[in-house]
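Undergrad: Mind having a look at this structure? Questions to follow.
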Amino acid sequence: MNHFLDIHKTDAAELRGIIDQASAMKQARLGRPKGALDDDQPLAGRMVALIFEKPSTRTRVSFDVGVRQMGGQTMVLSGNDMQLGHGETIADTARVLSRYVDLIMIRTFDESVLLEMADYADVPVINGLTDRTHPCQIMADILTYEEHRGPIKGKKVVWTGDGNNVCASFLHAAGQFGFDVTFTGPQQLDPEEEFVNLARKAGATVTIERDPVKAVEGADLVVADTWVSMHDSQSSKERRHNMLRPYQVNDALMAHAKPDALFMHCLPAHREEEVTSAVMDGPQSVIFDEAENRLHAQKAVMRWCLGV
Ligand code: CP
Ligand code: NVA
């Protein structure tokens, strides 16, 4: 049984296998209606619980559609409507759900909820985002980068803004897929030192550069994310915006990256805040391919979890 909890917790060769399978499965259904079943229906007879303690558009829809395309069934559950963590322990919920479903995907706040779920579930658990990491997003991002530009190994990825959960999973992936990360943002919002050290230990070059123009020099990929994540308090919004404004990704900044650099954003994006519409809708942006690839990447993740 394989949990998919974080990119650094999964073997590099297995991660590569997941990306390759995602790509092959995507090719196999090109041009087919979204609701058409995959020929082999690898999840036939499987029931998947999708638990959300935070809002979601992409994760919710892509997991749901992905399971159905593979012939399985889903139930989408809101954390608020469950006993999760208030009516009973996470461990007990995990044990109970394991009697009904074959796979659990959970989006939650505190990482400890995900880890306790995985510890006590008898079925695989997938991390659909916590306050600390977002591994499914980065699997889709790697698939997207490689579709457009070939192997990500050896490339320079520049993360702009808040060193948040999505940034953390890029750092985890840097070690596993062999690319380098430059973080540019205010010191107060640096990525966790533990994750920076982990990437460095795994052989990736991680650079912290306060000057965004210097940071994007030679970039193959520039990435932005919201300045206020779902776990951040709304009262911090003005302070964060003031700190992060110099790190907006706009045409002037993109001009310092390599001419063929791509722009990515996990979405939802705040137009004219962390990124301008000119960049989001411009020729270097692959944001909607990223969103689509959530579907293909997660289908391969689910197959890997279930060994099917
Ligand atoms: N990128 C992402 O995870 O989007 P949602 O919050 O809409 O799921
Ligand atoms: N950093 C963002 C990502 C959303 C997909 C958040 O956690 O809200």
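Using the three backbone atoms N, Cα and C, a Cβ is placed for every residue, glycine included.
What TrEMBL records for this protein is below:
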- 3-147: domain 'Aspartate/ornithine carbamoyltransferase carbamoyl-P binding' (DOMAIN)
- Ser56, Thr57, Arg58, Thr59, Gln83, Arg107, His134, Pro135, Cys136, Gln137, Cys266, Leu267, Arg294: carbamoyl phosphate binding site (BINDING)
- 153-304: domain 'Aspartate/ornithine carbamoyltransferase Asp/Orn-binding' (DOMAIN)
- Asn165, Asp225, Ser229, Met230: L-ornithine binding site (BINDING)
Undergrad: Out of the binding-site residues Ser56, Arg58, Gln83, His134, Cys266, give me the one sitting nearest to Met230 (L-ornithine binding site) by CA distance.
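TA: Result for Met230 (L-ornithine binding site): the nearest of the binding-site residues is Ser56.
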Undergrad: Taking only the binding-site residues Asn165, Asp225, Ser229, which one has a CA atom nearest to the CA atom of His134 (carbamoyl phosphate binding site)?
TA: Asn165
Undergrad: Which of the binding-site residues Arg58, Gln83, Asp225, Ser229, Met230 have a Cβ less than 6 Å from any atom of ligand 2?
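TA: By the Cβ criterion, which requires under 6 Å to ligand 2, the hits are Asp225, Ser229, Met230.
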Undergrad: Could you state, as a whole number of Å, the largest distance between Cα atoms of any two of Asn165, Asp225, Ser229, Met230, the listed L-ornithine binders?
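TA: Max span of the L-ornithine binding residues, Cα based, is 12 Å.
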Undergrad: Which residue counts does DSSP yield for the domain 'Aspartate/ornithine carbamoyltransferase carbamoyl-P binding' (3-147) in the helix, strand and coil classes, in that order?
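TA: Summed over the domain 'Aspartate/ornithine carbamoyltransferase carbamoyl-P binding' (3-147), the classes give 66 helix, 23 strand, 56 coil.
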Undergrad: Work through the binding-site residues one by one (Arg58, His134, Arg294) and point out the residue whose CB has the fewest other CB atoms within 10 angstroms.
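TA: Selected from the binding-site residues Arg58, His134, Arg294 on minimum Cβ neighbours within 10 Å: Arg58.
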Undergrad: Among residues Ser56, Thr57, Arg58, Thr59, Gln83, Arg107, His134, Pro135, Cys136, Gln137, Cys266, Leu267, Arg294 annotated as binding carbamoyl phosphate, what is the maximum Cα-Cα distance? Answer in Å.
TA: 30
Undergrad: Cα-Cα, whole number of Å: Arg58 (carbamoyl phosphate binding site) versus Ser229 (L-ornithine binding site)?
TA: 15
Undergrad: For ligand 1, which among the binding-site residues Ser56, Arg58, Asn165, Cys266, Arg294 have a CB under 6 Å from it?
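TA: Correct list: Ser56, Arg58, Cys266.
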Undergrad: Determine which residues of the same chain, besides Asn165, Asp225, Ser229, Met230, have their CB within 8 A of the center of the CB atoms at the recorded L-ornithine site, and list them by sequence.
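TA: After dropping the recorded site residues, what remains is Leu129, Asp131, His134, Asp162, Asn164, Val166, Thr226, His231, Asp232.
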Undergrad: At the level of the C-alpha atoms, what whole-angstrom distance separates Cys266 (carbamoyl phosphate binding site) and Ser229 (L-ornithine binding site)?
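TA: Each residue's Cα considered, Cys266 (carbamoyl phosphate binding site) and Ser229 (L-ornithine binding site) end up 12 Å apart.
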